[in-house]
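*Asks:* Swiss-Prot lists these features:
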| type | residues | note |
| --- | --- | --- |
| ACT_SITE | Glu330 | active site |
| BINDING | His329, His333, His339 | Zn(2+) binding site |
| DISULFID | Cys304-Cys384 | disulfide bond |
| DISULFID | Cys344-Cys368 | disulfide bond |
| DISULFID | Cys346-Cys351 | disulfide bond |
| DISULFID | Cys411-Cys420 | disulfide bond |
| DISULFID | Cys413-Cys421 | disulfide bond |
| DISULFID | Cys426-Cys440 | disulfide bond |
| DISULFID | Cys434-Cys464 | disulfide bond |
| DISULFID | Cys439-Cys443 | disulfide bond |
| DISULFID | Cys452-Cys471 | disulfide bond |
| DOMAIN | 193-389 | domain 'Peptidase M12B' |
| DOMAIN | 397-478 | domain 'Disintegrin' |
| SIGNAL | 1-20 | signal peptide |
Amino acid sequence: MIQVLLVTICLAAFPYQGSSIILESGNVNDYEVIYPRKVTALPKGAVQPKYEDTMQYELKVNGQPVVLHLEKNKGLFSKDYSETHYSPDGRKITTNPSVEDHCYYHGRIENDADSTASISACNGLKGHFKLQGEMYIIEPLELSDSEDHAVFKLENVEKEDEAPKMCGVTQNWESNEPIKKASHLNLNPEHQRYVEIVIVVDHGMFTKYNGDSDKIRQRVHQMVNIMKESYRYMYIDISLAGIEIWSNKDLINVQPAAPNTLKSFGEWRETDLPKRKSHDNAQLLTSIDFNGQTIGIANIGAICDPKPSTRVVQDHSKINLRVALTMTHELSHNLGIHHDTGSCSCSGYSCIMSPVISDEPSKYFSDCSYIQCWNFIMNQKPQCILKKPLRTDTVSTPVSGNELLEARIECDCGSIENPCCYATTCKLRPGSQCAEGMCCDQCRFMKKGTVCRVSLVNKNDDTCTGQSADCPRNVLYG
């Protein structure tokens, strides 16, 4: 019988308040410092996993005790999740690190039906939670040990600049039909759709974070964790298929004109990424300051299209919640959702698809967004999001700690008897093109057009490319 592990964090008797502090999230006015102390209640003889499936924390916020319930976001990563970076001489280096025992959670506050939470427990607690209608940020204090945390309202973070931030999509949605309530859609798990995304980080981002790939990786993971929560009630399941960091140089011309960058990124994605990575949608995360007030742009209704199923987003805030909701906004354009108008409403201060990004962003879609998204899905029938993500790359690449592997690994070197792969060097044997994969047969790529995965919903079976051992997910019938 599987027993749920209960973890309680008790606070020291005297948490204190401060008036101003500089944190990773920015300059903060009015914050509390709390001192978590972990108390674990385990069955006798049980071994504590590094990151439990379910956790519970007791916190004091504004002097009042609250209980935070957390559950690991098990669907955060695709099973063939990969990470790619580039060596100084331009070599592409790809690894498949294990992400099953990750540290990213969703949750709620006890006795608060409207509460939400997205938390990283990798190094202390970092993330946000909604309590009694207010959004709070929690993060470890970097200048002390991991038990010291700051808790503060999002509204208490000083603005990084006064200029309003806008989406670059200018196409407006107009309809003479009255907006129905989202509940009239009768959405249920049978409507579930699945979107596998790849996040590409440009060279400016790599420089902005001082070449720290671990920091970039964790930031992307935290933001996709937030995205996944936002789409939950839309019955759209988001998973991260991979991260690519342009650590050597940009592979496209990243420029302040957002539409031009979007066009270039789409062209690169079409000719490069699908050949080596199964995914439904790709995003460029950039440090560049786009012209005007734009912080993101995307193609409307382009999901599953091999070229325009893309979006570009500026890393415009130190607070990952704000950038994550911009990423959600732009992906929603790909899913056929337009900007909200005055007749649209949600349960937040503002809605995700507002054309102007609020300083207090909402994690809620409007009634209009629900209708537009599912009208698009039902009418346009994008095929790539019908299939629940499956493992398409069975290679388990060894990694050292959290570092990206610095040597090229061509095959799974787990078996000495593998006729395609040298066990000692993880290199393919002479004459071998592959060692494993749905499009690999006797160490050779299967011919182009060979069916590798039969479609259960239409006649668009997935076929081999003749250039890879992977069975690519069909993206040509959106």
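Placed from the backbone N, Cα and C atoms, the Cβ positions cover glycine too.
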*Asks:* Of all the disulfide-bonded residues here, Cys344, Cys439, Cys443, Cys471, which one's CB has the most other CB atoms within 10 A?
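*Replies:* Comparing the disulfide-bonded residues Cys344, Cys439, Cys443, Cys471, the most crowded Cβ belongs to Cys439.
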*Asks:* For the domain 'Peptidase M12B' (193-389), what's the model's average pLDDT?
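*Replies:* Average per-residue pLDDT within the domain 'Peptidase M12B' (193-389): 94.
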*Asks:* Can you tell me the CA-to-CA distance separating Cys464 (disulfide bond) and the residue listed as 'active site', as a whole number of Å?
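*Replies:* Given the Cα positions, Cys464 (disulfide bond) is 31 Å from the residue listed as 'active site'.
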*Asks:* Give the number of CB atoms, excluding that of Cys464 (disulfide bond) itself, located within 10 Å of its CB.
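*Replies:* A 10 Å sphere around the Cβ of Cys464 (disulfide bond) contains 24 other Cβ atoms.
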*Asks:* Applying a 10 Å Cβ distance cut-off over all chains shown, what neighbour count does His329 (Zn(2+) binding site) have?
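*Replies:* So the Cβ neighbour count for His329 (Zn(2+) binding site) comes to 28.
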*Asks:* Apart from His329, His333, His339, which residues in this chain have a Cβ no more than 8 Å from the mean position of the Cβ atoms of those residues at the Zn(2+) site?
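*Replies:* After dropping the recorded site residues, what remains is Cys167, Val169, Ala298, Glu330, Ser332, Ile337, His338, Ile352, Met353, Pro355.
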*Asks:* Once the chains shown are all counted, how many other Cβ atoms turn up within 10 Å of the Cβ of Cys426 (disulfide bond)?
*Replies:* 20
*Asks:* Select the closest residue to Cys304 (disulfide bond) from the following recorded positions, measuring between CA atoms: Glu330, His333, Cys440, Cys452, Cys471.
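*Replies:* For Cys304 (disulfide bond), the spatially nearest of the recorded positions is His333.
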*Asks:* Cα within 10 Å of Cys346 (disulfide bond): which of the recorded positions His333, Cys421, Cys439 qualify?
*Replies:* none
*Asks:* In angstrom units, rounded to an integer, how far apart are the Cα atoms of Glu330 (active site) and Cys344 (disulfide bond)?
*Replies:* 18
*Asks:* When you rank Cys421, Cys426, Cys439, Cys440 by Cα distance to Cys344 (disulfide bond), which of the disulfide-bonded residues ends up on top as the closest?
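*Replies:* Checked the disulfide-bonded residues Cys421, Cys426, Cys439, Cys440; minimum Cα distance to Cys344 (disulfide bond) goes to Cys439.
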*Asks:* Cys384 (disulfide bond): which of the binding-site residues His329, His333, His339 is the nearest Cα neighbour?
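*Replies:* Closest recorded candidate to Cys384 (disulfide bond) by Cα: His333.
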*Asks:* What's the CA to CA span in angstrom from His333 (Zn(2+) binding site) over to Cys440 (disulfide bond)?
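*Replies:* Distance between the two Cα atoms comes out at 37 Å.
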